[in-house]
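As structure tokens, the structure follows; a few thoughts come after it.
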Amino acid sequence: MDRPFLDLSPCGPLRGALRVPGDKSVTHRGLMLLALAEGEGRLFYPLKAGDTLSTARVLRALGAEIAEEGPHFLVRGRGLRLKEPEDVLDCGNAGTLMRLLLGILAGQEGLFAVLTGDASLRRRPMGRVAAPLRAMGAQLLGREGGNKAPLAVRGQGLKGIRYTLPVPSAQVKSALLLAGLFAEGATEVEEPVPTRDHTERLFRHFGLPLWVEGNRIRTQRSGPFPAKDLVVPGDFSSAAFFLVAALVTPGSEVVVEGVGLNPTRTGLLSVLKAMGADLEWRVLEGEAGEPVGWVRARHGPLKGVAVDPGLIPLMVDEVPALAAAAAWAEGETYIPGLAELRVKESDRVAAIAQNLRALGVEVEEGEDWLRIRGGGVRPGEVEPFHDHRIAMAFAVAGLPVGVRVWEPGWAEISYPGFFQDLKRLCAAS
Ligand SMILES: O=C(O)C1=C[C@@H](OP(=O)(O)O)[C@@H](O)[C@H](O)C1
Ligand SMILES: C=C(OP(=O)(O)O)C(=O)O
């Protein structure tokens with residue numbers, strides 16, 4: 001069978017301004033909370049891509065009305081009570097959808113649902129949400145004792161628990177906070193290291209119960225709450241590819257506008273700065289409690305660094321983009337703390353190592369670390385391993401010299417139009 005590919009010829013300087021699609025994490029959560037709210041609310045400038053369209057489809061099967069209004073979504077919520085779906089709920093490729101939805105469905109008393117996903121999602125660990133949800137009283141069954149989808153859930157009366165996250169995961173934290181909205185008593189999550197806090201910010205936006213003390217986040221059962229419009233900022237994770245593309249391509253200068261700059265997402269900026277990157281950014285406004293602004297990146301020399309493992313949860317989806325920058329840096333970059341990358345859409349540690357080697361870069365791979373010897377790449381072929389971030393990161397790594405990207409369509413999971421935007425900025429020079 002012929003596999004699709006895209007040949008990117010060597011790109012001259014990238015120049016110009018760009019708005020990236022809406023934030024994926026905020027879109028998933030905005031749709032879910034509006035589906036649980038009472039009345040109609042609009043989600044302005046959401047991400048409409050593979051993952052979030054899966055969320056819209058699944059929420060419709062659970063009785064929410066979701067209409068498209070140009071680029072926006074108009075959602076009529078169910079007032080906390082979802083409808084029993086008539087068929088299996090297909091979460092596609094979206095881990096965030098499956099894990100957060102398990103939290104919501106666990107507390108929908110009497111409602112039965114089966115969740116599945118594509119081959120990648122069916123390989124990913126769900127025990128991390130199933131175990132604490134069961135401790136709250138959830139009834140959950142699935143492959144490997146509830147660790148792998150397909151998963152069946154029958155909603156129950158839940159009881160709040162106190163839970164310390166064993167892995168830094170905003171998805172686990174969010175699943176428990178969402179379940180806590182339906183549980184008796186308080187639900188408290190302690191996170192040893194900070195992870196993205198979009199759920200907390202959206203709870204505040206919708207006036208849902210929330211207390212944060214240091215690294216402890218608490219909620220409790222909520223009564224019906226009214227829908228409220230929400231503006232979705234641009235996705236920093238999508239912006240990251242263009243920032244790195246500009247940093248590694250001689251003569252480039254790119255500005256990404258209207259992008260979310262939530263500090264629990266922007267760890268990459270600190271690491272790139274430490275590498276000597278010519279980067280500037282400003283927060284200009286807030287939307288739904290999320291800081292939004294612009295970031296400018298100019299090409300210049302980069303040097304290798306040893307990354308602080310504590311920063312990884314604040315840039316967990318940007319490690320493939322960082323690896324692309326490291327390939328062009330002078331000297332060695334050491335990236336520890338990568339255990340979680342092994343259980344993403346692909347084994348990202350292995351996928352990064354393999355693609356760097358395919359582009360002629362020397363790399364050492366440990367169980368949870370990478371050591372990348374920089375100095376530039378040579379033309380080659382990139383294998384996404386069915387993973388959007390790998391496809392985009394290595395398109396960028398190879399951009400200055402030209403690269404073939406196999407199955408470029410994977411980028412559409414989080415960024416429809418990625419390659420068009422890339423070509424437009426290259427052509428603008
Ligand atoms: O909560 C979220 O929206 C996300 C959390 C992260 O996953 P983990 O919670 O598994 O770290 C991240 O990798 C994913 O892309 C989105
Ligand atoms: C890990 C990701 O998403 P998810 O876990 O929602 O599939 C990602 O977008 O990089």
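Just so you know, glycine gets a Cβ as well, placed from its N, Cα and C.
Annotated in TrEMBL:
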- D317: active site, proton acceptor (ACT_SITE)
- K24, G95, R124, Q171, R348, R389: phosphoenolpyruvate binding site (BINDING)
- K24, S25, R29, S169, Q171, D317, K344: 3-phosphoshikimate binding site (BINDING)
- 11-422: domain 'Enolpyruvate transferase' (DOMAIN)
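Checking each of the recorded positions (S25, R29, S169, D317) against R124 (phosphoenolpyruvate binding site), the C-alpha distance stays within 10 Å for none of them. Of the recorded residues, R348 (phosphoenolpyruvate binding site) and the residue listed as 'active site, proton acceptor' place their C-alpha atoms 10 Å from one another. Ranked by how many other Cβ atoms sit within 10 Å of their Cβ, the binding-site residues K24, R29, K344, R348, R389 place K344 at the bottom. Residues K24, S25, R29, S169, Q171, D317, K344, recorded as binding 3-phosphoshikimate, reach a greatest CA to CA spacing of 19 Å. Proximity to ligand 2 at the level of Cβ atoms, with a cut-off under 6 angstroms, picks out D317 from the recorded positions S25, R29, R124, D317.
Among the binding-site residues listed (S25, R29, R124, S169), S25, S169 have a CB atom closer than 6 Å to some atom of ligand 1, in sequence order.
Least crowded of the binding-site residues (S25, Q171), judged by neighbouring Cβ atoms within 10 Å of its own Cβ: Q171.
For the pair S25 (3-phosphoshikimate binding site) and the residue listed as 'active site, proton acceptor', the Cα-Cα distance reads 11 Å. Sequence-distant neighbours of S169 (3-phosphoshikimate binding site) (same chain, six or more apart, CB under 8 Å from its CB) are R128, T195, E340, listed in sequence order. Straight-line distance linking the Cα atoms of K344 (3-phosphoshikimate binding site) and the residue listed as 'active site, proton acceptor', rounded to a whole number, equals 9 Å. Non-local neighbourhood of G95 (phosphoenolpyruvate binding site): L121, R124, Q171, K344, E345, each in the same chain, at least six residues away, with C-beta under 8 Å from its C-beta.
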